[in-house]
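S.K.: One structure, as structure tokens, below. Some questions next.
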Amino acid sequence: MQETLNDIQTYGYIVLFVYSMGGGFVGIVAAGVLSALGKLDLSLSILIACLGNIAGSMLLAYLSRYQKQDFQKYLHKHKRKIALVYLYLRRYGILLIFINKFIYGFKTILPLAIGLSRYSFKKFFFFNALACLLWAVSIGLCSYWASDMAVAVFEKIQSYPYIMPLFLFTLVGGILLTLWIKSKKKS
């Protein structure tokens, strides 16, 4: 266990940067929890997640603008989504750049759409950087503050080992029941 914690302290920031390039929430949440446990530095984790997210978004926009031929074979399935993002970009403008950081699946399409359009890279970089900072600070701080509750829940689960299997059984049973009911309604 100690070796794993040492690896987290050694490579955690690198993993966080790479994971944040893809816009993942789990990396910054894990960094916030580990910061609360004293294994990582919170402000450095937020900064690294922000920089990784900026780099990932800008890389997608750059590649989709200057490597269009290579991207076209991957994007032909998503033409409708990209057209919809164009319309949203016209309607909501800068607000869309801020909102897209918090919508799963949308944070990849927007930089691609901006790269394929004539949207200004400087303008996108500026507002994307602000949006990434807001994303990293809000998710990082929320996970840092919520980590006390998560630790308390895990300690409670350790003292009552039968709770976790019961919870998982109930969760899986509820999901299966919901799927079964929906399939009955369709037929």
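Cβ atoms here come from the backbone N, Cα and C positions, even for glycine.
If you look up TrEMBL, you'll see 12-36, 42-63, 84-104, 124-147, 159-181 marked as transmembrane segment. According to TrEMBL, the feature domain 'VTT' maps to 28-137.
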S.K.: Grab the same-chain neighbours of the transmembrane segment (42-63) for me: Cβ-Cβ under 8 Å, and only residues 6 or more beyond its ends, written as numbers and ranges.
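M.R.: Same-chain contacts beyond the flanks: 13, 16-23, 27-28, 31-32, 34-36, 70-71, 101, 107-108, 110-112, 114-115, 121, 124-125, 128-129, 132-133, 135-137, 139-141, 144.
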S.K.: According to DSSP, how is the domain 'VTT' (28-137) divided among helix, strand and coil residues?
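M.R.: Summed over the domain 'VTT' (28-137), the classes give 96 helix, 0 strand, 14 coil.
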